[in-house]
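Lifted from Swiss-Prot, the feature list:
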type     : residues                          : note
ACT_SITE : 417                               : active site, proton donor
BINDING  : 240, 277, 313, 314, 315, 316, 447 : pyridoxal 5'-phosphate binding site
BINDING  : 367, 368, 418                     : substrate binding site
MOD_RES  : 106                               : N6-(pyridoxal phosphate)lysine
């Protein structure tokens, strides 16, 4: 089939298109030589949110006497601002209204979060039987129709379970998966997952999932035709934390090629899944590339004629900034260099041990390439949440990464007996904190609690979460 939309496209022109549409300030948009202001995402907390979170924290920790409390009373806990999740959904709908979000349940499977997202019209990306069952258990009307089983390599029993629950949309990237679907779920709608260039992403997925165009066209489509399966469209994922958004352009371009092949073979593809990996801080750039590529390769005329819809699988975009983790300092060990707080000295004065770490809710440090910022919550029986947040906002708003305020340097360690359980090799705190004080970590809603373990028997189970809503009047 002749692909007239991309045939003989000069590489220089392509690069100029990309530069023109994406390598510009997030605060401006240039169209036909005219520059206008575009949406800027505000990822800072409002004063109302800060006050609500501080009050919630204060009410909880004021009941805890770390010297006399019962075991686990002083455990780490989360505060979740549901208003921040509402803001995330609103921003998505304002900037990418043509793309229906399917929240990646694996990112944070908190039932309250899932319910809130459902009420806001968000659907769900599930990767296992348990995730499917969790969404189905929430009492959402026609929940099975709002799930994509987005795992290209599935257990046979899970496929049968999806069929039993009428979850009828999934992804594949190999012929062997087609045989399983033909046997256990023959009426399931299939998206072929393409491999992408995610070399600039912090969390790369193409080393594990996705097929190239040749495999999709030469192997998967013919076999799906032979087996009588419903090929419903294309899926891809460019990885999380990407900085080069040209990979989105290329993936959508490849998707159009595959759509054309599907149409030429008699399939009726209706869905393009552009995956996840979106972050609020870079959403103006990534979303702009999505819109540009969709306009170029899936123009309105083509999409309307073939009734094509677009979906995505955002996870961290929706929940990362909504969660604050509060941890307790359970031990301190002063080092021989203690007391030297010269700002040029990069040696910690003491080691702090907290009751959460990389085997718990801070596993994102190891497995998600995150470096969560730590702040002082209490010291000498005083609460510093608002003060710390206001200082942080001031630094961010002034675009000043060189905080000249004197501080105390510590290394911070989790509670397990593993030397790998290091939260921070060097953290600069505003106070000389002691055993019994509390610390807090901001923006830890994504890939944290969902991957915590019970290593060393130090976890008492699900971490307590307190809820506020800064979006309420």
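Yeah, the Cβs are placed from backbone N, Cα and C, and that goes for glycine too.
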In all the protein chains shown, the tally of other Cβ atoms within 10 Å of the Cβ of residue 447 (pyridoxal 5'-phosphate binding site) is 23
Here the 10 Å Cβ neighbour count for residue 417 (active site, proton donor) comes out at 9
Of the recorded positions 106, 367, 417, 418, which sits closest to residue 316 (pyridoxal 5'-phosphate binding site) by Cα distance?
-> 106
How many Å separate the Cα atoms of residue 418 (substrate binding site) and residue 240 (pyridoxal 5'-phosphate binding site)?
-> 28
Where's the emptiest Cβ shell within 10 Å among the binding-site residues 313, 418?
-> 418
Roughly how many angstrom lie between the C-alpha atoms of residue 277 (pyridoxal 5'-phosphate binding site) and residue 367 (substrate binding site)?
-> 15
Rounded to the nearest angstrom, how far is the Cα of the residue listed as 'N6-(pyridoxal phosphate)lysine' from the Cα of residue 313 (pyridoxal 5'-phosphate binding site)?
-> 11
Spatial neighbour of residue 367 (substrate binding site) that is closest, considering only the recorded positions 106, 314, 315, 417, 447 and their CA atoms = 447
Students should find that the Cβ of residue 277 (pyridoxal 5'-phosphate binding site) has, within 10 Å, a number of other Cβ atoms equal to 29
Residue 240 (pyridoxal 5'-phosphate binding site) falls, by DSSP collapsed to helix, strand or coil, into strand
When you average the Cβ positions of 240, 277, 313, 314, 315, 316, 447 for the pyridoxal 5'-phosphate site, which other residues in that chain have a Cβ within 8 Å of that mean position?
-> 104, 107, 276, 278, 279, 317, 446
Taking every protein chain shown into account, which of the binding-site residues 314, 315 has the largest tally of Cβ atoms within 10 Å of its Cβ?
-> 314
